[in-house]
Amino acid sequence: MAMAGAAGRCLMLTRPSPLLRLRLLRAALATTTTTTTAAGASAVTAPTEPETTAREAPSRHELLLERLRQRHLKGVPAATPRPAQREKGRGGGGGGAQELQQKRRVEVVDSFEELGLGEEVMAALGEMGISKPTEIQCVGVPAVLAGTSVVLGSHTGSGKTLAYLLPLVQLLRRDEAMLGMSMKPRRPRAVVLCPTRELTEQVFRVAKSISHHARFRSTMVSGGSRIRPQEDSLNMPVDMVVGTPGRILDHIKDGNMVYGDIKYLVLDEADTMFDQGFGPDIRKFLAPLKNRAAKPGDQGFQTVLVTATMTKAVQKLIDEEFEGIVHLRTTTFQKRVATARHDFIKLSGSENKLEALLQVLEPSLAKGNKVMVFCNTLNSSRAVDHFLTENQISTVNYHGEVPAEERVENLNKFRNEEGDCPTLVCTDLAARGLDLDVDHVIMFDFPSNSIDYLHRTGRTARMGAKGKVTSLVAKKDVTLATRIEEAMKKNESLEALTTNNVRRAAVNPQYTSTKGRPSALKVVNQKGRRGVALQTKSSRIVKDTTSSRRRSPIRSQPRSKSTSSGKAKPVRSAKPSKSSSPSPKVAKSRPRPEGRKGDALNKLGSKLSVVGFRGRSSGKSAQAS
């Protein structure tokens, strides 16, 4: 023990100086460099100790892999980026996201042949004049051909119908060649469910155009049509049935259609069907197929869901109903379309909203554009249609009270290239599932949520075409419009604005209650100030320079008498205001009739200011466009 202590003291006394330690470190580094160079030349030398200690200690698994490489892969240099790969794996998925983006960029191809489609389908595409696939088609076609149950999510007008119909037709032809399956009466192999009759007709029309070359038979069964012709069509050999859930269930109940051979199921506009009460019908249709869903190979069936929007509630419902389904989304899902311009017109409330609509609509019609005017209610739609008819503007209607056959006729008139009825006045019934060539979408009534906004704007700028969206923003809609504009400027998804069914009352609290104001919006105090200043850090909804706020206390004076007896001062202050300077303006504003066009347009010419997120502002843009 004494000798050990003496040796320890000797070592402490003979500790090397800092200069000596620096020399030893340089010698060690030189040895490391020499050993590494020799290892690169011979490719069999093991890593030196300094190299091993310079990085993290290798695991036992890595050492075994290195020994196997040295034994069986002589002459192959060791993979240098291994430490970086290990760090990437420990980093929490940052590298995985980059790899996914790179893979998605590689999947976007320039021709349909690279997607694995056959000659018959390619001939049908050539007849339709389509040569280059869209992003959703590049993502969806290979997935459906591989037999995967998927949810295809992409913005409206991106080609989702062809994204599932093209591979579906090829799968039907493959089953005929490999499994000997053929057409049978009342036993379709593919079923496409759609929420509306109009979307059913659209999908059926595309399927018919493909069937001219692919040689398969499809039929359409939808509500609002006679049942007898549909029964006769189902009693003939059929491959695919396109229809609405309720009518298909009726035919199954009556024995006109059976489940036996169904292998492929498509739910078009799936978010609409789950969000608008089609859930029970879909569950009833899926009940006999649940047992077959878990069977492997050709005994099961494949499900494809197509949607333009997806709230978290609907996504959760889909994941519960379809276990193991894969979600495939494009980069533009639930975002603005790059080829569409969005303008917002702030209305203070004193203007005539119908006259503002006329001022926006007339220049667009003068350019030969086809325009859709969206309203929130039937009464609003009737009022707009009556007003435009009085001003010699030809219109057609599309809402719930218009009979189904008349709606089809109105759509044909609107599609007519001669332009006899270039204006379609409609409700949200026309916001989904209609493939129309629309140049301009005007929102007379601003929607109550961003999902409806996306569907309305999806009627224009379809398949890469240019379009324009103009929104008349009332005071109660300012906050939601501001948030939508901010999200579009940042190219963010609009789904977050409708989480848990957010409506205007929840998004816009400063108009339902005078207490408190939102942090995202700076509203000028309502006590007698002249203008409404609507400013955010990124929003460009324009200031309204009217003097409506100056007149608002006088209009609300009778309310002060009835609501509170102690507020006699506002009533007395109204008497001297008759002789004050603002009185002539008040007198001019009250007798102004709403039906007159002359004075209203002169005043609106200085009030309407259009601001789009591309930076084009001022009233000139409203007149120029």
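Using N, Cα and C of the backbone, Cβ positions are placed for all residues, glycine too.
Here Swiss-Prot flags 36-51 (among others) as compositional bias 'Low complexity'.
According to Swiss-Prot, the feature region 'Disordered' maps to 36-59 (among others).
Swiss-Prot lists 72-103 (among others) with the feature region 'Disordered'.
Same-chain neighbours of the motif 'Q motif' (110-138): 145, 152, 154, 158-160, 162-163, 166-167, 169-170, 173, 209-210, 212-215, 330-332, 463, counting only residues six or more beyond its ends whose CB sits under 8 Å from a CB of the stretch. The motif 'Q motif' annotation in Swiss-Prot covers 110-138.
Residues or ranges marked as domain 'Helicase ATP-binding' in Swiss-Prot (evidence: sequence analysis): 141-328.
Around G157 (ATP binding site), the C-beta neighbours below 8 angstroms that are at least 6 residues distant in the chain are V337, D435, G458, A461, R462, M463. Look at Swiss-Prot and you will find S154, H155, T156, G157, S158, G159, K160, T161 tagged as ATP binding site, backed by sequence analysis.
The feature motif 'DEAD box' is assigned by Swiss-Prot to 268-271. Residues of the same chain lying 6 or more positions beyond the ends of the motif 'DEAD box' (268-271) and with a Cβ under 8 Å from any Cβ of it are 151, 160-161, 192-196, 199, 203, 305-311, 314, 318, 432-433.
Summarising the annotation, Swiss-Prot assigns domain 'Helicase C-terminal' to 353-503 and lists sequence analysis as the type of evidence.
Swiss-Prot lists 505-625 (among others) with the feature region 'Disordered'.
Here Swiss-Prot flags 567-586 (among others) as compositional bias 'Low complexity'.
Marked as compositional bias 'Basic and acidic residues' by Swiss-Prot: 591-600.
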Mean predicted confidence [pLDDT] for the domain 'Helicase ATP-binding' (141-328):
90
Number of other Cβ atoms within 10 Å of the Cβ of H155 (ATP binding site) across all protein chains:
25
Determine, from DSSP, whether G159 (ATP binding site) sits in helix, strand or coil.
coil
What is the number of residues in the motif 'DEAD box' (268-271) that are helix, strand and coil, as DSSP sees it?
2 helix, 0 strand, 2 coil
Specify all same-chain residues, apart from the site residues S154, H155, T156, G157, S158, G159, K160, T161, whose Cβ lies within 8 angstroms of the center of the Cβ atoms of the ATP site, ordered by sequence.
T134, I136, A163, A308, G458, R462, M463
